[in-house]
Amino acid sequence: MAVDDYEELLKYYELHETVGTGGFAKVKLASHLITGEKVAIKIMDKESLGDDLPRVKTEIDAMKNLSHQHVCRLYHVIETPKKIFMVLEYCPGGELFDYIIAKDRLTEEEARVFFRQIVSAVAYIHSQGYAHRDLKPENLLIDEDQNLKLIDFGLCAKPKGGLDYHLMTCCGSPAYAAPELIQGKAYIGSEADIWSMGVLMYALMCGYLPFDDDNVMVLYKKIMRGKYEIPKWLSPGSVLLLSQMMQVDPKKRITVKHLLNHPWLMHGYSCPVEWQSKYPLGYIDEDCVTELSVFYKYSRTSTTRLISEWSYDHITASYLLLHSKKSHGKAVRLKHPLAVGDQAVTSFKELRPKSKLDFEEPNGEIAYVFGSMDFSDEELFSEDFTYSSFEPHTPKEYVKGRLEFNSVDSAPATPVVQRNARHKNEDKENSNTAVARDENVFLHPAPWTPTPRRKQNEKKGILTTPNKNTQTKEKNQSKETPTKKPIGTGEEFANVISPERRCRSVELDLNQAHIDSAQKKKGAKVFGSLERGLDKMITMLTPSKRKGYTREGPRKLRAHYNVTTTNIVNPEQLLNQIVRVLPSKNVDYVQKGYTLKCKTQSDFGKVTMQFELEVCQLSKSEVVGIRRQRLKGDAWVYKRLVEDILSSCKV
């Protein structure tokens, strides 16, 4: 880790453990120093990105202009010569995919709750002129209140002529791709999203995909036929809705507008799906402004002006995280400057809107498009809308791989599948969303002021659903357990925290790069020295000690849907069984305590899957469990593999 690359980031955040990895990025859990709020930081290496750099630009531009209760919030963007950091809303519930496989499948009632939120998010982004183009359970996260947040806008499109403008680039995940995409035809982005939503809803209620095959070309043929299996547990209403979304002819597909108050989505509800944003960026909360101005000793007028520039720097992040605290019923308070060092305070006044990120800009000046769909001016549900139906049938299987290939003006009838087909200057489908800071671009409806609410812990209970004969697996919920040190609470931050302790979590002593020790009080220096010596002593004596571990056994965790319970009472016995099984499944692993860091590789040595299996003790019981976390690789392949491993362990 180069000091220069992380110097700016460490002024404002304390890094914790890695919670996800990808082809060119990793995601770390972190704490915002002055609010104490948890965030997720997506760390991307520019050199590794290569020709995918425009995709990052697309994602950042989209997230800067999307603010919705079911869209993951962007807080802060930091660029260095080698790195790009995206500071995002942290969703401790993990991926919706993991939730599905842990429960085998969802009941119709639970699927309806989630699907209404998905429709809300998609209707909103369509109203802002965007098509997502990569809708799938892995791109929906669950927050602390069991609400969904849509993520990963790297493949989204904002057509220059609005959503009725035809697109040509075929992208996304093969199993969720609409027939017109894989045929290489020009398509409407919003129509393709509807098909993906149908596949997603099917996965919610069935626990597997409607179209799947290990051979991608066979998979395409199944998709183009549009025939899939109808399990006996699906109700007539859900079967009808699935058929309306997964119509091979995009013109016969139901629209988002008609989904908003579709009978299936309205069942048990008195109002249509609310798609409008409750958090328009044009609204600035006075309580948050007051706290920021007092904390930084800056005038309210100047503070308001800096916030309203929406530069997605530390000012934006501090305001949005403070506002998030308020909306969750927490005190609108920032931590004392001594607890976070003077750098954050002095930097606030010095921060000004910076130049755009160093991305290649599209040619020409394109008008910025807002609200290409106006749902409120028309009847939400047309009486003359005719629902077409058919009898789909396809056996259950699993998917693998991700589709992303680009076509130019004339697309071939049979597309050539490529893993990373990139064109350096290609972003022809998106309008120029780079926003000049002196322009009034945030034209929003009247703001909705969130009323403070307490965390609704009762909503976190997992509904019971009939399960198959194998216990299913899923990704990390243990994101709340830092690898290097526990995440500080508000009370912990009230004390003076030396920069040495704060930087320990990123494995290097980076504090000298960004802490001016001359600004520290003498007492702070003394305590910092004592703490530094104490840290060294603890590290020498217990180099692998982690929060929750004891010499006697594994960590104690709360029962969660990413923890599989077992009938084995001896944790060492369970760990040994897993270790014996892994080689037979061609899984390499490294053992650290009761955690097994696993990976699979292709014949050419490329890592295709990374995940963790941890033997743990469930709190308030003597039951031993296995925590599962997918870090990298295809979700459905991961599902099969971990099911196979645990089945062989006979747990």
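Backbone N, Cα and C atoms are what each Cβ position is placed from, and that goes for glycine too.
Matching 4-43, 204-243, 244-283, 284-323 against Swiss-Prot, the residues noted as region 'UBA-like' span 284-323.
Record note: of Thr80, Thr414, Thr542, Swiss-Prot gives the feature phosphothreonine to Thr414, with no matching annotation on the rest. As annotated in Swiss-Prot, phosphothreonine applies, among Thr451, Thr465, to Thr451. Candidates Thr394, Thr449 were compared with Swiss-Prot; the annotation phosphothreonine appears at Thr449. Val19 (ATP binding site) and Asp134 (active site, proton acceptor) are 21 Å apart (CA-CA, integer value). The Cβ of Ala25 (ATP binding site) lies under 8 Å from the Cβ of Lys42, Ile43, Met44, Asp45, each on the same chain and at least six residues away in sequence.
Note on the binding-site residues Val19, Val27: the fewest other CB atoms within 10 A surround the CB of Val27.
The secondary structure of Asp134 (active site, proton acceptor), as reduced to three states from DSSP, is coil rather than helix or strand. For Thr21 (ATP binding site), the number of other Cβ atoms no farther than 10 Å from its own Cβ, over all displayed protein chains, is 17. Secondary structure from DSSP puts Val27 (ATP binding site) in a beta strand. According to DSSP, the secondary structure content of the domain 'KA1' (602-651) in residues is 15 helix, 21 strand, 14 coil.
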